[in-house]
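*Asks:* Checked TrEMBL, it gives:
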ACT_SITE  His11  active site, tele-phosphohistidine intermediate
ACT_SITE  Glu89  active site, proton donor/acceptor
BINDING   Arg62, Glu89, Arg90, His91, Tyr92, Arg116, Arg117  substrate binding site
SITE      His184  site 'Transition state stabilizer'
Amino acid sequence: MVTHTLILLRHGASDWTCKNLFNGWVDTKLSDKGREDAIKAGKLMLEHNLLPDVVYTSCLSRAIQTANILLEVVDRLSVNVRHSWRLNERHYGALQGQNRKEVAQEYGQEKYMLWRRSYDVAPPPIDDDCEFSPVHDARYSGLPNDTIPRTESLKDVEARLVPYFNDVIGKDIKHGKVVLVIAHSNSLRALVKHIDSIDDQDIVDVNIPNAMPLIYELNDDLRPVKSGYYLDPETAAEAAEVVANQGN
Ligand SMILES: O=C(O)[C@@H](CO)OP(=O)(O)O
């Protein structure tokens with residue numbers, strides 16, 4: 001049976017992640033640590049001879065910066081990098097720009113975790129006149145106004161992302177290209193949920209660490225031949241635990 005390689009990677013740490021702020025669709029940039037994260041991820045992929053033929057990223061700078069740094073490390077700056085808003089982080093609504101710890105303290109741990117990790121509960125929506133709203137951002141000017149989210153649950157992310165995975169990214173995978181997808185904590189949770197057929201309840205416990213390559217071998221139907229695995233499972237598990245506890 002022919003299998004195809006898909007590599008999923010969350011961008012390196014952003015400047016806001018380091019300050020414990022919710023990012024969402026806000027165009028935060030990589031921190032110094034995030035740049036180092038991207039270099040390490042590239043080196044690890046090089047060590048394992050996992051070299052992308054094509055890269056898909058979101059429209060957000062932290063993912064694009066990660067792609068650029070990583071491609072330089074693996075000496076593949078010439079590969080196509082395709083951007084899509086469908087790979088963007090989940091829109092965190094009115095929580096964008098707020099401190100995780102303060103949100104947890106103000107609304108309580110249960111609500112905080114419901115907003116952060118539940119499948120179908122979205123945070124309160126952002127106002128269009130808020131400085132963190134994407135409605136006036138030129139990169140989304142081609143989208144109908146009602147397609148631009150004001151908040152999203154993981155379910156909403158899955159709905160906008162899975163068709164793009166199946167119809168666009170999937171085409172390259174089926175053509176035998178090694179595909180690297182560089183996205184975000186929650187857009188990758190939605191993708192992993194879809195690929196691994198994870199239950200709505202169980203996805204609550206899945207956390208994706210920054211810049212840890214997660215490898216899938218897929219068949220022609222884009223179904224996993226075996227479950228996804230991290231190239232450095234121990235470090236990935238520790239880093240996922242840190243993500244899970246952010247804000248506690
Ligand atoms: O801030 C965000 O948008 C995400 C990380 O990118 O946060 P969390 O992991 O808490 O969902």
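Glycine residues also receive a Cβ, built from the backbone N, Cα and C atoms like all the rest.
What TrEMBL says about a protein is an automatic prediction, not a curated fact.
Surface or core, plus neighbours and distances: that's what I need for these features.
*Replies:* Classification of His11 (active site, tele-phosphohistidine intermediate) by DSSP places it in coil, neither helical nor stranded.
Residue environment of Glu89 (active site, proton donor/acceptor) contains 27 other Cβ atoms, counted within 10 Å of its Cβ in all protein chains.
According to its DSSP assignment, Arg116 (substrate binding site) is helical.
Taking Cβ-Cβ distances under 8 Å and a sequence gap of 6 or more within the same chain, the neighbours of His184 (site 'Transition state stabilizer') are Arg10, His11, Asn23, Ser58, Leu60, Ala63, Leu87, Asn88, Glu89, Arg90.
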*Asks:* Filter the recorded positions His11, His91, Arg116, Arg117 down to those with CB closer than 6 A to an atom of ligand 1; keep them in sequence order.
*Replies:* Arg116
*Asks:* Among the binding-site residues Arg62, His91, Arg116, point out the residue whose Cβ has the most other Cβ atoms within 10 Å, with all shown protein chains included in the count.
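*Replies:* It comes out as Arg62.
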